[in-house]
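Input: a single structure, listed below in structure tokens.
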Amino acid sequence: KEGYLVSKSTGCKYECLKLGDNDYCLRECKQQYGKSSGGYCYAFACWCTHLYEQAVVWPLPNKTCN
């Protein structure tokens, strides 16, 4: 599974500016989803890879980013 890293409190994606390999996204994905996950910046938001099936990713039901 893969998807955009999301803030559970706001429903917002984690923004990033440096597209492609991105240390910030990699660090945040690993922190939220575990050491086996990966991450990079895609369309100015952190995209996480190698997630477990139950991982919560954007969009969150009933939570819009505002």
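Placement of Cβ uses the backbone N, Cα and C atoms for every residue, glycine included.
Per Swiss-Prot, domain 'LCN-type CS-alpha/beta' is recorded for 1-66. Summarising model confidence by region, the domain 'LCN-type CS-alpha/beta' (1-66) averages a pLDDT of 97.
The feature disulfide bond is assigned by Swiss-Prot to CYS12-CYS65 (among others). CYS12 (disulfide bond) carries neither a helix nor a strand DSSP state and counts as coil. Within its own chain, CYS12 (disulfide bond) has VAL6, CYS65 as residues 6 or more apart in sequence whose C-beta sits under 8 angstroms from its own.
In sequence order, CYS16, LEU17, LYS18, LEU19, GLY20, ASP21, ASN22, TYR24, CYS25, TRP47 make up the list of same-chain residues 6 or more apart from CYS41 (disulfide bond) whose Cβ falls under 8 Å from its Cβ. Annotation comment: Swiss-Prot describes CYS16-CYS41 (among others) as disulfide bond, evidence class experimental evidence.
What Swiss-Prot lists as disulfide bond is CYS25-CYS46 (among others), and the listing cites experimental evidence. Secondary structure from DSSP puts CYS46 (disulfide bond) in a beta strand. Counting only same-chain residues at least 6 apart in sequence, those with a Cβ under 8 Å from the Cβ of CYS46 (disulfide bond) are TYR4, LEU5, LYS13, TYR14, GLU15, CYS16, ASN22, TYR24, CYS25, GLU28, CYS29, GLY39, TYR40.
DSSP assigns CYS29 (disulfide bond) to a helical segment in the three-state reduction. Swiss-Prot lists CYS29-CYS48 (among others) with the feature disulfide bond.
In the three-state DSSP scheme, ASN66 (asparagine amide) falls into the coil class. Annotated asparagine amide per Swiss-Prot: ASN66, in sequence order.
If you count neighbouring Cβ atoms within 10 Å for each of the disulfide-bonded residues CYS16, CYS29, CYS65, the highest count belongs to CYS29. Highest Cβ count within 10 Å among the disulfide-bonded residues CYS25, CYS48: CYS48. Applying an 8 A CB threshold to same-chain residues 6+ apart, the list for ASN66 (asparagine amide) reads THR10.
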